[in-house]
Amino acid sequence: MGKSCRVSKLCVLCVVLALVSVATLVTLWTLALTGDDGDDVTAPWDSYRLPTDLVPKFYNITLWPRLSRHPDTGLYIFTGHSTVQFECVKETNLILIHSNKLNYTKLDEAHIVRLTASGGASAPIIKSTWLQPKTQYLVIELNGKLSQGQTYQLYAEFTGELADDLAGFYRSEYEEDGVRKIVATSQMHPTHARKTFPCFDEPAMKAVFHMTLIHPPGTVALSNGMETGQFPFTSENICSYIIDRRGFFRVQIRIWARRKAIEQGQGDYALNVTGPVLDFFQSYYNISYPLSKSDQIALPDFYFGAMENWGLVTYRETNLLYDPATSSNSNKETTATIIAHELAHMWFGNLVTLRWWNEVWLNEGFASYVAYLGADYAEPTWNVKDLIVLDDVHRVFAVDALTSSHPLTSKEDSIVLPEQITEQFDTISYSKGAAVLRMLSDFLSETIFVQGLSRLFLKIFLQAVTDNDVLLPRPVQDIMNPWVLQMGFPVVTVDTASGKVSQQHFLLDPESNVTVDSPYKYEWPVPVRWMKAGEVQTDIWWLLEKEAVNPGMRSGASWVLANINVTGFYRVNYDLGNWERLFTQLSTDHQVIPVINRAQLVDDAFNLARAQLVSTTLALRTTSYLSLEMDFMPWQSALDNLNYYYLMLDRTEVYQPMQDYLKKQVTPLFMHFKNLTSDWTHVPEGHTDQYNQVNAVRTACRTGLTECQNLTSTWFRQWMENPQHNTIHPNLRSVVYCSAMAAGGEAEWEFGWIQFKEASLASEASKLMSALSCTSDTQLLQRYLSFTLNSTLIRKQDATSVITSVAANRAGQSLAWSFVRDRWEYMFTQYGVGSFSFASMITGVTARFSTSDELQQLEEFVEQNGAAGFGSASLAVDQALERTRANIKWLQQNQQEVLDWFSSQTH
């Protein structure tokens, strides 16, 4: 290339091919549910699973990314060579190793690999080699057999494209001081290591890695282990860092990002919170942090929110960088909880890891659950542990109540294709996994739950239960299997007149047909924490059958409340008399009911109404007391549920009465925060109070409260007049920007676009990017959608967010749907999995679908694109069809009742 280079060597112990580190995980439940292979005669290279004949021991890899275009092809490329040492555990004359989109150099005897044996032994001669693109293998056929117990080395030289597809070894770009800069970085998870070097790319194929990386002078390089060369390495062109040596566990903590981001202090909060989080997890797991350093890097282009690479965690900039002058408290919480999530994986996921992708939920669900614990330790005043109910439990209820849902654990042989693997990383795995583990921790107690973790599950859980005299109605495994091995969850119905308690499989569409049989017949062992007339009952009551009687729940004139603090993964319904008593309590002294349960009552009632288990009027009545409510969680629960009403009804005559009602309910909250903040001159002290201030302003402006709209328009206009001095508080910027864009025209939009392109902080850019979709000008929305296909205007990682944000705007929904429908084949084939989140795009653009015409359009879209397929969006397409049919029924059955109720409340 004509320039000198630095060579950095890094030794990486037990680094993952696809998931950062790999070990067989002994779980509480059956790890591998395998199917019968029968008489399968498929050629080995046509199977998507590796044979078990060979086991890798270590890799020696050299990579050289070129950070400028190749003069002949105009492409960015990387070259490399690798040696993998593996042991033959069963005689075979075939070597299968994963490889995708790599070009190989011919070596001796015209083959593209060289095979040698350890210890002076001879290796079989290579008969032929070829690439099998469909299953992504490099196939090496031998003239003789490899010997059992012998180790061999396989050497290859290769070239790959350093593309901007956000997968494998890829290219990210950004501009600083007018100079375009290139970052070479990686995303190996879950099946992209094979796009970087030939490897046994399955999570159970654990190995030691020795990495050598060649890079130009003046650049910095990082990998999973500590640097042993002259320069540290990260496939990063210009990268500054902070070093903090924390003596109490002797781990070097570093935050990496663009030079200006570090100079502006945007990495300081992440640096300061990482130490306490690591300290917490060392204590929680009772195992020391297994590495000598913890690097975390913010990347300009990154597909996932973050990735738990062992010792080198990668993040989107919005998730790692925080500036107190311009970032909101929500941004701060995001940084803390995502750091906690990723660092939890350093033990659970990396040190100990799933065997195959059918158990993704255990890895991601566990990290999602304990992230709240780690963040709570680092920020104890936030009370962040309660927010799992809104962010995970309520969120996943909506998906798991569909017949197109799936169990936490699947059969191992049902998850083999790369797109099937990607599809496992969904709301069920993350949020239901977190909720079910939280429930387990609650009925065992956190102490026993942690004891079981520190010694790896089943036998130790059972021993811990015995040692601590925990009284359970059944063995732990028998309690948990129905929650893990069948989809869905129950609704528990309490009849306070008789004390009868019953359960049934909760489905949003009661007429939907469950076609998947369950050995547990869609029944669950249900732990019920409950209270009566304000008194919490000490012991858990277990519902173990379809129905049972709890005499204590015969309440007479008192009310009963079940699932205290929503520690159980189920909904609750009551007889009408108990609902009435709860309504009376809410309207007289709502704080007697715990705040989480006030949020629960709203969420349960609205969803019970959608399932036709209570009337829609009863559900709407749970919002009647909100004019008295000042806490965040009940308001957020109500707004989340009313959002469904907006999606269904904001194109109908119901829209204005609904707006009028909600404006009436939110006005006291708006005035509360106006007074609390001395006419908006400061922010509330409480973390969730700050969130509810945002709710108050957003809802008041959206429903047409003139004082609110004047306030936000004035703030935004002042900023337009003095662009260098933005006085809008960071907490309120998202709502102010959106409100001003909605009320304004092209001038406001163009100003917002300029500020978006010039934003130096990723979270500020994200707020503006979202707000640009709030305009009611359809020409601007159409233009904005077109930007998503130009990565110089909208980064590929952000394209899906822009499209779904436009779809969330009632003026933009049809535009976004047409845009996706007309360009689906192009986006799906040209951009690939690393660029667009196709599942979330499908979910977003179809969220409002509620007419037979829209259902027909969706069915035609599915039929027209059936040949190309939907990849990781296949499940999302099925769910969109199911939701649309349910929405049509709901609208037909409820529109008039909803109109009558809202109209009665505002006259």
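Quick reminder: no glycine exception, Cβ is built from N, Cα and C everywhere.
Note that TrEMBL annotation is computational and uncurated.
Now, the feature entries from TrEMBL:
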type	residues	note
DOMAIN	56-228	domain 'Aminopeptidase N-like N-terminal'
DOMAIN	269-469	domain 'Peptidase M1 membrane alanine aminopeptidase'
BINDING	His341, His345, Glu364	Zn(2+) binding site
ACT_SITE	Glu342	active site, proton acceptor
SITE	Tyr430	site 'Transition state stabilizer'
DOMAIN	559-885	domain 'ERAP1-like C-terminal'
**Fill in**
Residues sitting within 8 A of the centre of the His341, His345, Glu364 CB atoms (Zn(2+) site), not counting those, run Glu308, Glu342, Ala344, Phe348, Gly349, Asn363, Phe366, Ala367, Ser368, Ala371
**Tyr430 (site 'Transition state stabilizer') and His345 (Zn(2+) binding site), distance between Cα atoms, whole Å** = 13
**Item:** Spatial separation of Tyr430 (site 'Transition state stabilizer') from His341 (Zn(2+) binding site) - C-alpha basis, Å
**Value:** 11
**Message:** For the recorded positions listed here (Glu342, Glu364), tell me which residue's CB has the most neighbouring CB atoms inside 10 Å.
**Reply:** Glu342
**Fill in**
As a whole number of Å, the Cα atom of Glu364 (Zn(2+) binding site) is distant from the Cα atom of Tyr430 (site 'Transition state stabilizer') by 5
**Request:** List nothing but the one residue from His341, His345, Tyr430 whose Cβ has the fewest other Cβ atoms within 10 Å; the candidates are the recorded positions.
**Result:** Tyr430
**Request:** Check the domain 'Aminopeptidase N-like N-terminal' (56-228) for me and report the mean pLDDT.
**Result:** 92
**Message:** Please report the distance from the Cα of Tyr430 (site 'Transition state stabilizer') to the Cα of Glu342 (active site, proton acceptor), rounded to the nearest angstrom.
**Reply:** 13
